Each structure stands twice: as structure tokens, then as C-alpha cells.
Amino acid sequence: MAKHLFTSESVSEGHPDKIADQISDAVLDAILAQDPKARVACETYVKTGMVLVGGEVTTSAWVDIEELTRKTVREIGYTHSDMGFDADSCAVLNAIGKQSPDINQGVDRADPKEQGAGDQGLMFGYASNETEILMPAPITYAHALVKRQSEVRKNGTLPWLRPDAKSQVTFAYENNKIVGIDAIVLSTQHSPDIAQADLIEGVMETIIKPVLPAQWLSKDTKYFINPTGRFVIGGPMGDCGLTGRKIIVDTYGGMARHGGGAFSGKDPSKVDRSAAYAARYVAKNIVAAGLADRCELQVSYAIGVAEPTSISIETFGTGKVSEEVLIKLVRQHFDLRPYGLTEMLNLARPIYQATAAYGHFGRNEFPWEATDKAEALRADAGL
């Protein structure tokens with residue numbers, strides 16, 4: 001039997017890079033709420049005592065960037081200087097300018113359906129039937145651990161927790177089927193007055209055990225809880241944070257390929273984001289239809305051109321029909337032009353800040369997670 005291990009990681013909403021992502025998407029949402037046709041590319045940098053918000057925006061909306069930034073940081077949980085970052089006292093610098101008219105002329109069209117892609121690029125979407133949400137298990141449970149850390153921090157169950165945390169889960173596979181969890185890493189920022197033994201017990205009993213399925217844990221499973229022994233200095237005081245630096249955490253935890261484009265701070269005309277969402281939608285519907293156990297779709301674009309320059313599909317030997325048939329079905333059932341996919345998934349609205357922590361995929365509140373095309377795909381495939 002073929003055995004292998006596979007590992008994915010996640011980070012909490014208080015991780016510096018995720019603070020940046022959430023601020024960028026908070027700005028995007030605030031603009032889209034007033035101006036759904038806005039062009040937004042918002043980047044954020046955070047470091048001890050400061051936030052820099054920059055980028056290019058074309059919009060009729062007005063947003064109080066400083067207040068929005070402070071509100072976002074406050075909701076994450078950085079509310080006191082003893083954490084090294086305080087929403088009410090940090091400096092907020094605004095360096096937002098206008099989008100280049102050279103880009104606008106390539107994107108805007110008299111016929112909206114012929115809207116060109118905002119840039120060239122390649123994007124991937126992926127789905128797998130190894131979990132109920134049709135996501136890879138390693139990233140799914142890595143997210144669940146840091147999400148649980150946030151919940152028990154905010155509700156006071158473990159009051160000594162602080163916002164910054166990271167998780168990592170290693171799954172064991174035989175013949176591409178999960179047989180157990182080999183290793184778990186969870187590092188969480190904490191107040192200075194908690195003993196290491198109490199921290200380990202609290203994390204194990206309150207975070208790890210309630211989240212990970214018992215049938216995948218064994219006496220051989222390895223646990224690494226705050227393995228350095230101390231994690232008091234964290235967040236932007238420990239490391240600077242930048243928008244778009246957690247692209248594998250945001251997607252499939254390394255189980256699928258990645259085109260390189262980040263998501264946060266970008267409006268739906270940026271295919272880095274919208275086409276990656278559409279590619280997940282397509283791949284998930286193919287797997288939900290039973291046409292493959294695993295599916296990875298690649299789509300690519302040229303700046304200013306509406307039609308994708310390529311569509312390709314890989315089913316890793318699990319397809320019930322040929323990949324050529326799948327591509328034909330995709331072209332028949334999904335409009336992957338920038339305007340088409342924005343309309344198909346109703347993307348021109350303020351839904352993005354919620355995506356900026358704990359993964360963009362595998363969360364059924366988002367429209368690209370619907371499986372409403374599965375039945376029609378299955379019927380047209382003749383299954």
C-alpha cells in the first residue's frame with residue numbers, strides 16, 4: 001500500500017499578515033457598499049505601533065480609512081499596549097491613489113459582458129471528496145484549530161490567550177485515503193503569567209480535542225503545543241504583516257497548485273480573486289456531481305480580454321468521464337468571462353472581510369461554495 005504524509009498550516013485572525021488582509025478587505029467592503037462598480041486594489045502593512053494603507057482605487061465612495069482600520073484592529077483583539085499593538089493609539093497612514101487609466105481602458109467596455117480581465121494571470125480551483133465540504137482535510141482542520149483558538153479567547157474560556165496563533169496538521173494517507181493524524185502543531189500567543197503546563201493542558205482540552213476527530217488520533221499522534229516554550233511577544237510587535245502573504249493558507253494548504261495571485265483588497269474585476277473563486281465553484285460542482293473524486297481546474301486570462309486564454313482540468317485518475325468532456329461541460333455551464341463570473345457568483349457586494357481569515361474556501365456562507373450546478377453537470381455527462 002502507498003503511504004504518505006501531507007501537512008497544511010493556518011494562522012489566526014491576529015497573525016500580522018492576516019491583520020493586513022482583514023484591513024484591506026474591510027476597505028474594499030466599505031467602498032463596494034457605496035459603489036459596487038468601484039475598482040479597488042488595497043494593500044496594507046502593519047508593524048509595531050503603525051498601519052500603512054495604500055493602493056489604487058477608482059470610486060465615487062468616501063471611506064474613513066483611519067476609523068475603519070482602528071475598528072478592524074479592535075475587533076481582532078489588539079486593544080492594549082501591553083500586546084504591542086493598540087487599535088486606539090497606533091498610527092494610521094493613508095497612501096491610497098487612483099487606478100491607472102491605462103488599466104481602465106483595457107477593462108471597461110460599452111457592453112459590460114465584454115469587460116476585459118483586469119490583468120493577465122493563471123488561477124486554480126480545487127475540490128476533493130475527502131471531507132463533507134469537499135476540501136482537503138489538512139487545511140480544513142488547520143483552520144478549525146485557529147478558529148477555535150479565537151472563539152475561546154473571545155468568549156473568555158481561556159482568558160490568557162492573545163490574538164496571534166498558528167496551527168499545522170499532518171495527515172497520514174494510505175492509497176490516498178486518510179488513515180490518521182500524524183502530528184499537530186499549535187502555537188498561541190499568551191499573557192506572561194500563564195505557566196507552560198497550564199497552557200498545554202488548556203490548549204489540548206479546550207482547542208485540540210474538541211476540534212479533531214477522535215478516530216484519527218492515536219497513541220502515536222505527536223503534539224507540539226507552543227514548542228518554543230514562550231509566545232508572549234506576537235502580532236505586529238513580533239513580525240510585520242503584509243496583505244497577500246498567506247496565499248496557501250487562503251486556498252488549499254498546498255494540496256492544489258496556486259497561480260500566485262493574492263485575494264484580499266481586490267475588487268471582482270481582478271481575476272486573481274474572482275476567477276479563483278469561480279474555479280473553486282467549478283471544481284466543487286464537478287466533485288459534487290460525482291464526475292471525479294478530486295478535481296483541479298486551471299483558468300488563465302490576458303489583460304483587457306474577456307474570454308479565458310485557457311481552461312484545463314486534472315482529475316488525478318479519479319474522473320468518471322474524460323477531462324476533455326469535463327472541459328466541454330465547464331464551457332457549457334459556467335461563464336468564466338470576468339463579467340460573467342461576477343454575475344454568476346454575485347461578487348459585486350461587500351462580502352470580503354469575512355473571507356480574510358480562516359480560509360476563502362470550504363465555508364458554505366460564500367456563493368462559490370454552492371453546488372447548484374452538480375445535478376445538471378451529472379445529467380449532461382450521462383451519469
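Sequential numbering from 1, following the chain as shown.
Placed from the backbone N, Cα and C atoms, the Cβ positions cover glycine too.
Because the structure is a prediction, the values reported are computed rather than measured.
Non-local contacts of R230 (ATP binding site) by the CB criterion (under 8 A, 6+ apart in sequence, same chain) comprise Q196. Per Swiss-Prot, the feature ATP binding site maps to H15, D164, A165, K166, R230, F231, D239, R245, K246, A262, K266; the stated evidence is sequence analysis.
Within the same chain, residues at least 6 positions away in sequence whose Cβ sits under 8 Å from that of D17 (Mg(2+) binding site) are V11, G241, L242, T243, R245, K246. In the three-state DSSP assignment, the secondary structure recorded for D17 (Mg(2+) binding site) is helix. Look at Swiss-Prot and you will find D17 tagged as Mg(2+) binding site.
In sequence order, A20, S24, V53, G54, G55, L242, T243, G244, G265 make up the list of same-chain residues 6 or more apart from E43 (K(+) binding site) whose Cβ falls under 8 Å from its Cβ. In the three-state DSSP assignment, the secondary structure recorded for E43 (K(+) binding site) is strand. Look at Swiss-Prot and you will find E43 tagged as K(+) binding site, backed by sequence analysis.
In the three-state DSSP assignment, the secondary structure recorded for D239 (ATP binding site) is coil. For D239 (ATP binding site), the same-chain residues 6+ apart in sequence whose C-beta sits under 8 angstroms from its C-beta are P16. Residues annotated as L-methionine binding site in Swiss-Prot: E56, Q99, D239, K270.
Among the features that Swiss-Prot reports, region 'Flexible loop' is placed at 99-109, with the record citing sequence analysis.
For the pair K270 (L-methionine binding site) and H15 (ATP binding site), the Cα-Cα distance reads 25 Å.
The local packing around K270 (L-methionine binding site), expressed as other Cβ atoms within 10 Å of its Cβ over all shown chains, amounts to 23. Rounded to the nearest whole angstrom, the C-alpha distance between H15 (ATP binding site) and E56 (L-methionine binding site) is 25. Across all of the region 'Flexible loop' (99-109), the predicted model scores a mean pLDDT of 63.
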